[in-house]
Amino acid sequence: MTIDELLKQHNLRLTKPRQQVFDVLRQSAVPLTISDIAKKCKNVDRASVYRTLVTFDQLHIVSAVAIGWKSYYELAEPFIPHHHHLYCIHCQNAEPIQTPELEQLVGYLSRKHQFAVVKHHFELEGICKNCQQTKQYKK
Ligand SMILES: [Zn+2]
Ligand SMILES: [Zn+2]
Ligand SMILES: [Zn+2]
């Protein structure tokens, strides 16, 4: 499924802002804030970036990741594989991680409580390995 096909299914066109926001997210290895995205989208104003993200969110093209009190955006499945993050509060890097154990737990809880899970969030905040080796965090 391409972004173009997905938009067409909803009678939407792939406009310049939509294309740019999508490209910026696709080229980023880490989730981005609205400001990050706006900065990287040339000739697209912040309001258009925001509207585009709202549309993308409704169509499940992006997913919002809440880390601390900030919202970050990244492409959703099927554009990138399902994953969670290790967020370093020092260097602000959000490392993607695959967590089969966690996915199993979600499945187990869903069955146990007969609850149809639509979405789940799991982000760890802490100090990454690199930052632990810097002076400030040395024991
Ligand atoms: Zn770090
Ligand atoms: Zn991610
Ligand atoms: Zn998961």
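Cβ coordinates come from backbone N, Cα and C, glycine included.
According to TrEMBL, the protein has these features:
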type: BINDING; residues: H82, E103, H120; note: Fe cation binding site
type: BINDING; residues: C88, C91, C128, C131; note: Zn(2+) binding site
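Most Cβ neighbours within 10 Å, among the binding-site residues C91, C131: C131 holds that distinction in the structure as shown.
Counting in whole angstrom, C91 (Zn(2+) binding site) lies 25 from H120 (Fe cation binding site) by their C-alpha atoms.
Under 6 Å, Cβ to nearest atom of ligand 3: this is the test, and of the binding-site residues C88, C91, E103, C128, C131 it is passed by E103. Checking the binding-site residues H82, C88, C91, H120, C128 for a CB within less than 6 Å of any atom of ligand 1 leaves C88, C91, C128, listed in sequence order. Within 8 Å of the centroid of the Cβ atoms of H82, E103, H120, where the record puts Fe cation, the same chain has further Cβ atoms from H84, T99, L102, V106, F122. When secondary structure is read from DSSP and collapsed to three states, C88 (Zn(2+) binding site) falls in the strand class. Put simply, H82 (Fe cation binding site) is 26 Å from C131 (Zn(2+) binding site) when counted between their Cα atoms. Excluding the listed site residues C88, C91, C128, C131, the same chain places I89, H90, Q92, N93, I127, K129, N130, Q132 with Cβ atoms within 8 Å of the centre of the Zn(2+) site Cβ atoms.
For C88 (Zn(2+) binding site), the same-chain residues 6+ apart in sequence whose C-beta sits under 8 angstroms from its C-beta are A94, E95, G126, I127, C128, N130, C131. The Cβ of H120 (Fe cation binding site) has 13 other Cβ atoms within 10 Å, all protein chains considered.
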